[in-house]
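Asker: Sending over a structure as structure tokens; questions will come in a sec.
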């Protein structure tokens, strides 16, 4: 789930020159390069001559160059011999002075001979260069450039093979066909929508992070820096695999093998890259068994580790993949890190340690958990902001929606993924939910249960689309609740699902707004214009799926089908699927972005909703916050 603050920003295009305009400067540059090359050869020969002449000067004790006593400086673990001087003076071992003097003279003579030969060779090469034509020199320079490029390719570090580990139990990957014809028909429709989204991206945005379906070109946002990392490809892989779109999956795999490179000078969101890329690659590996996905996930994870180099160990929000330099979002409460970002790493990092044997990943996320456990929490609530330098909370704003949401989700899922052995995670989750129930969950005058936001000591009666995932979370966490509250939390999940369905049903398009209020006589309705948009978000459908799995109440499939039809009717365009700017308008304008999470989450949850429970059974799989399934680790870490 992406936070509202991370909405796509428009990228700036770089103007290009026409072929004719570009050719002349390139030609001039080549001529200058050739002339400089000749001058450089002559200059290097002259320097070599001067340097050699220095060694032919008469010997003088003032110019001793070898006995500088530098052994103690350069190799500190080697002690100076007895009787030797400290660094800076001449080292002379008693009784061996004459022998050393003779040896040093021989070494100097040998060095003079070598320099004489080198300088004669350099002069000869310079003469040969001067006899060549300009075209010959240009061809030679091009040959040398090609050789350097080839050498660099050969020297490119080959990743170390990862240690073999037992594959976790992988079940329910290719099942899920329904015996009911009408359900199968709906499932096939979702697969067709997925194929349209993928084929459009394949045709118009291949290799770019996302797609502009109306402009029919690639799109990217600030969360991926300035790089083309194929976010849609990585995010969609497991959905393609589950839906049996294996040719499309193979195309994505080939692009990743040939083009996915993380050694780029790009500043990326640690959170988004973790849930979309590492999560997506790990899921693709577990589903398909293809080693390349595991290798790429580990390569990327190593690039994220420098983000944790802060005084507290709470990672920066962003890190440069090449330099390792990290920083936080400028808008985030006086340089704070965000709860939903640094608290949404546990699932992926535990699997990284499992697959690599490197404990660093597990240690990083456990350090975060231990640090949070020691901190005071106002009213038992976790504020959304924490300063990574001071270890203190930022402004006291608590939300189960954007900025907070997946932190709570990952506490529960850490317990589930550990085969319910991580009882510390479960206890932390239960305590957090108890405080949320006490302070944030209310019923409206019309009887709708909603989750508000705590801001500086008072409750804001507003709920975001992102918060709607919580219905599914409550249902998922019902089994194992303290004090026999399983029934209570399953009911709470149902009430949240109902409220979020109302937010869809009360719009013209039957698609939910980004946020909706419960005051001034309005309930489950957006008030501000900048909260009326729908950007293909998955959270409501995610809750429908979890509620269907735990109750098999047919209304959840009905509600999911209503949403699927509305998306297909109002968001589908010839070049893919686009978000809309006003769900209360019968003639909405498009935002012209096909989000990668639409293929990763929205369509996947719809497909699962119309599949049997045999596909991705929840006893064996835990979905990360980008809907990438990771297997339960019965072996532990």
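Backbone N, Cα and C atoms are what each Cβ position is placed from, and that goes for glycine too.
Source: prediction; values computed, not measured.
From TrEMBL, here are the annotated features:
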TRANSMEM  37-57  transmembrane segment
COILED    116-147  coiled coil
REGION    157-183  region 'Disordered'
ACT_SITE  272  active site, proton donor
ACT_SITE  405  active site
DISULFID  468-500  disulfide bond
ACT_SITE  514  active site, proton donor
ACT_SITE  539  active site
BINDING   625  Ca(2+) binding site
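Quick one: where do these features end up spatially?
Answerer: Residues 241-242, 244, 286-287, 289, 294-295, 298-299, 354-357, 557, 608, 610-612, 614-617, 620-621, 631-635 of the same chain, all 6+ positions outside the region 'Disordered' (157-183), place their C-beta atoms under 8 angstroms from a C-beta of that stretch.
Here the Cβ of residue 272 (active site, proton donor) has 24 other Cβ atoms within 10 Å, regardless of which shown protein chain they belong to.
Residue 405 (active site): 28 other CB atoms within 10 A of its CB, across all protein chains.
Summarising the environment of residue 500 (disulfide bond), the number of other Cβ atoms within 10 Å of its Cβ, over all protein chains shown, is 28.
Packing around residue 539 (active site) is summarised by its Cβ count: 24 other Cβ atoms lie within 10 angstroms of its Cβ, all protein chains included.
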Asker: How long is the line from the C-alpha of residue 405 (active site) to the C-alpha of residue 625 (Ca(2+) binding site), rounded to the nearest angstrom?
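Answerer: Counting only the Cα atoms, the answer is 9 Å.
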Asker: Taking DSSP states H, G and I as helix and E and B as strand, how many residues of the region 'Disordered' (157-183) are helix, strand and coil?
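Answerer: DSSP classes over the region 'Disordered' (157-183) add up to 3 helix, 0 strand, 24 coil.
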Asker: Sort out for me which one of 468, 514, 625 has the most neighbouring CB atoms within 10 A, since those are the recorded positions we care about.
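Answerer: Checking each of 468, 514, 625, the winner is 468.
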Asker: If you measure from the Cα of residue 272 (active site, proton donor), which of the recorded positions 468, 500, 514, 625 is the nearest?
Answerer: 625
Asker: Suppose you look only at the coiled coil (116-147); what would the mean pLDDT be?
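Answerer: Average per-residue pLDDT within the coiled coil (116-147): 71.
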